């Protein structure tokens, strides 16, 4: 509270000549409240506009108590020269003060909240609102001061890491939450200044040796940021400057980080803004890194649906995290580094966003530049996985790789070898684009080897990997030409050896085999017939071809000559009058072909994708339910047959059941027909 803050949190003995209103209030409580900037005089810069200074009712109440106690504790004038009496009186007052402090502390926050008198709190707030009706910031400060004064428990560490994320607000009763939220709604325009007041007051209390517990201010901060997280995220630059100004005081830095981090537990986007703007810049500081990583872990654990955080992390944020996670001998301890490694895959998903097929090529250059032969093994594995993902998901990554290839030969050799090892797991579409890219790399390697540019060893390694990849891409193919030639040579050699060893074809094994199988006689007969028919055909052509040829030439020649003349005239006319139109038509046709080549594959792919979705819809919506219904019907029929046949299904039983079913169907059809006829006759008779 303001009065308690001004008084240092203790009752003090006021000497006779001292004015009781010197603690920050005027006479009778009518003075002005100190401005927030004055109360927070520790800061060397003005972060927010000053709040209008005025006293609060709660301060006045404390000042009246202090005045009454001071009047009782100030000795009378006649006894003033007696110093021993003054010392005894001072010791008694100090003892009473310590007892009052001890009585004001509870063993736990649960006990303090149970002992809190909500009626008294509401009464004080009503008084504050009636007296300071035009100053909502006073109401809020009274609320925070009252809660913090009443909720005095043994101090805890600044980040409350042993408690749930919403502690201490999670312990607040429903009635107290209603009071707090109602007052925050009434003073909605002063919430930003109230947040600054709570934060700065907490930091001031940390400067005091027997400082108070700060649960009242913590509860107010959590209540504000549950509904208004942008109070923090719109002023991250201001709070980062504040954090850096207290870098030598870890307790204050952790308190600031805890307070700002409360904005992220209800909204993943705001939480990532706080972490990237406040905690990432201090990652690596020994006293602050554990809380920063623990907060990120808790934030991602509370928001498993990462889609709301897409677009928050960019390349400038992801790659410092990659270096922190995988580079050895950095400012993080091994345990924190391992924890960050476990969080990195989810951070990568957040960075790639909702459309990785159009964004991954922007990450490819940084991934490739880090994949050096000397980088740590775990980092190398992660980089190669990320590079492969870029090539498989974003088609533009291959063109980016082509541009970077001549200046990143050592990194490209590692990636090529990794692609060779994992070629079978790469989709066919990606394999095709990679094959074209590797073919261009092969030409680049030949040019570099011929010119002697770059490191020859890197070029040789890349060239070898490219050749292996191209061979792997083509796959294993049988040399059919060589196999046929080999079979032909083997057959000719076998026949020659067979004929030579048996002196004749009839005596050879081949001849005997062909004779016994009937192939040789059939072949001889076929050859005889072919020969005779060929002779007959030749003789017929020899007789008829000259006569028919001369007759055909006589009939067709005039028409052909006339057509040739008309064709020459038409071509001459077109060449003389339509040359420009023909050129335009040729250009248009070429453009049309080019457009079809570029757009038709996408259209066909879209058509095939739509057809696939239609077939899947038909399968899931019609075919699969129909199939299940058919199976259920067959199961019911089988069960009915078992019941009708008393467990033993025979053909006679099946015939009986089928005849009964047919008879029942026929009767139902007759009944339906008779009913329809009766209805029709009734309708006709009515008309």
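Placement of Cβ uses the backbone N, Cα and C atoms for every residue, glycine included.
Annotation source Swiss-Prot lists compositional bias 'Gly residues' at 1-10 (among others).
The compositional bias 'Gly residues' annotation in Swiss-Prot covers 20-29 (among others).
Residues annotated as N-linked glycosylation site in Swiss-Prot: 267 (among others). In the shown protein chains, 19 other C-beta atoms lie within 10 A of the C-beta of residue 267 (N-linked glycosylation site). Secondary structure from DSSP puts residue 267 (N-linked glycosylation site) in coil.
The Cβ of residue 305 (N-linked glycosylation site) has 7 neighbouring Cβ atoms from other residues within 10 Å, across all protein chains displayed. Here Swiss-Prot flags 305 (among others) as N-linked glycosylation site, drawing on sequence analysis.
Annotation source Swiss-Prot lists N-acetylalanine at 2, citing similarity to another entry.
Annotation source Swiss-Prot lists region 'Disordered' at 1-36 (among others).
Per Swiss-Prot, the feature region 'Disordered' maps to 68-94 (among others).
The feature transmembrane segment is assigned by Swiss-Prot to 475-495 (among others), with sequence analysis given as support.
What Swiss-Prot records for 614-634 (among others) is transmembrane segment, and it gives sequence analysis as the kind of evidence.
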Length of the line joining the Cα atoms of residue 267 (N-linked glycosylation site) and residue 305 (N-linked glycosylation site), in Å: 11
